[in-house]
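Pasting the feature list from Swiss-Prot:
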ACT_SITE  Asp81  active site
ACT_SITE  Glu176  active site, proton acceptor
BINDING   His79, Asp142, Asp199  Zn(2+) 1 binding site
BINDING   Asp142, Glu177, His381  Zn(2+) 2 binding site
Amino acid sequence: MKEEMIQRFTSYVKVDTQSDADKESCPSTEGQLNLARQLVEEMKSIGIQEVTMDENGYVMGTIPSNTDKDVPTIGFLAHIDTATDFTGKNVKPQLHENYQGGDITLNEDLHIVLSPTQFPNLQKYQGHTLITTDGTTLLGADNKAGIAEIMTAMHYLIEHPEIKHGKIRVAFTPDEEIGRGPHKFDVEAFGASYAYTIDGGPLGELQYESFNAAGAKVSIKGNNVHPGTAKDKMVSAAKIGMLFHNKLPSDESPEYTEGYEGFFHLTKFVGEVEEAELQYIIRDFDKDKFNDRKALFEKIASDLKAIYGENSINLKIQDQYYNMREKIEPVKHIVDIAHEAMENRSVTPVIEPIRGGTDGSQLSYKGLPTPNIFTGGENFHGKYEFISVENMVKATEVIVEIARLFEEKA
């Protein structure tokens with residue numbers, strides 16, 4: 001299973017599948033379709049049935065039930081795209097067998113080193129086979145590790161019919177990293193009662209709580225006048241943007257928050273005298289606090305309009321997804337089964353909130369309760385991303401065990 005996992009994963013990461021928030025198409029990039037087509041052929045070759053890919057790049061397939069019991073149909077999902085935070089073009093995965101601790105040189109020429117001094121968790125992986133980048137790209141374990149783990153698990157179930165299970169559906173989705181993964185996902189066609197995204201981080205992660213999330217765009221109009229004659233005439237849009245931002249609590253940003261704490265995050269600020277634009281993401285686990293955060297944006301905009309004019313500021317806030325806990329708690333047994341599956345495979349479950357979102361956040365509100373399970377990777381979205389092959393195998397074992405437990409408990 002280990003060699004099969006390495007071959008699959010390294011094949012997937014070499015395909016550039018970064019999504020693009022500036023594109024309106026679905027998927028947003030051609031590279032995602034390239035990998036989707038590759039997955040379709042591979043799924044057929046290993047015996048997955050009813051394999052489909054629609055015009056939007058959503059790939060689905062079926063492992064038929066092999067039991068007489070009436071077992072709920074379950075699904076496993078991963079996303080095809082990789083993050084936009086760092087380049088994902090020409091990924092060159094590096095294999096480090098039997099890691100012995102200490103620094104890992106990713107790129108000698110560029111002096112890029114993955115060090116436990118900077119990333120203390122690295123020391124936990126002594127004896128593991130690690131896959132890293134070459135220091136010039138991200139790796140793409142988020143979420144190609146999930147794809148590899150699902151594919152390997154499905155292949156294992158097909159090759160081992162003695163493991164009884166109900167009907168299983170798998171899906172690989174585009175554009176998760178830009179928040180659109182479930183937008184065109186056909187829940188009815190997928191036909192599962194419950195599902196799991198394989199999109200978490202380190203070994204044991206089991207998550208059924210996510211942020212409530214919104215995006216905000218603040219567009220500001222100023223008035224540019226020659227600075228030599230600007231007194232009482234010039235209005236600097238850039239300065240108004242600074243005023244707007246400084247009215248937000250300075251300690252409620254990502255670098256100062258953890259656990260269940262929410263935040264405001266300024267992701268982009270471009271400005272000059274004539275016009276400026278600020279883009280934010282707004283996050284909180286608590287629905288009331290989430291609404292309070294959005295209300296604060298409205299108040300700041302209103303206060304500044306009172307000073308600079310009604311047309312000086314245009315604020316747009318759009319909800320992106322909600323805390324999936326509300327939809328999963330009524331069917332908490334699906335979390336309990338994942339918890340038991342991990343313990344059965346000698347994995348210690350680590351239940352914690354997702355300080356982010358997954359496709360499951362939105363799918364849960366579309367009628368498909370979908371908690372999230374670990375992939376085994378760390379340091380996603382950057383050049384220091386790495387993953388343990390042994391922990392990828394554990395994720396595959398947990399997927400197989402979840403399928404077995406649903407049949408056993410039916």
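Even glycines carry a Cβ here, placed using N, Cα and C.
Provide an account of the burial state, proximal residues and distances for the features listed.
A C-beta separation below 8 Å, combined with a sequence spacing of at least six in one chain, links Asp81 (active site) to Thr17, Gln18, Ser19, Pro27, Ser28, Thr29, Gln32, Asn143, Pro174, Asp175, Glu176, Glu177, Ile178.
Other Cβ atoms within 10 Å of the Cβ of Glu176 (active site, proton acceptor), summed over all protein chains shown, number 26. Mapped onto three states, the DSSP output places Glu176 (active site, proton acceptor) in helix.
Shown in sequence order, Asn143, Gly146, Phe172, Thr173, Pro174, Asp175, Glu176, Glu177, Gly181, Thr197, Asp199, Asp359 are the residues of the chain, 6+ apart in sequence, with a C-beta less than 8 angstroms from the C-beta of His79 (Zn(2+) 1 binding site). Look at His79 (Zn(2+) 1 binding site): DSSP puts it in a strand.
Using a 10 Å radius centred on the Cβ of Glu177 (Zn(2+) 2 binding site) and all shown protein chains, the other Cβ atoms total 24.
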Quick one: give me the count of other CB atoms within 10 A of the CB of Asp199 (Zn(2+) 1 binding site).
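Cβ-Cβ neighbours of Asp199 (Zn(2+) 1 binding site) within 10 Å number 29.
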Just to confirm: which same-chain residues, 6+ apart in sequence, have a Cβ under 8 Å from the Cβ of His381 (Zn(2+) 2 binding site)?
Ala83, Asp85, Phe86, Leu138, Asp142
Please classify the secondary structure at Asp142 (Zn(2+) 1 binding site) using three-state DSSP.
helix
Which residues, in sequence order, are found in the same chain with Cβ within 8 Å of the centroid defined by the Cβ atoms of His79, Asp142, Asp199 at the Zn(2+) 1 site, excluding those residues themselves?
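Near the Zn(2+) 1 site, the remaining chain residues are Ala78, Asn143, Gly146, Glu176, Glu177, Thr197, Ile198, Thr358, Asp359, Thr375.
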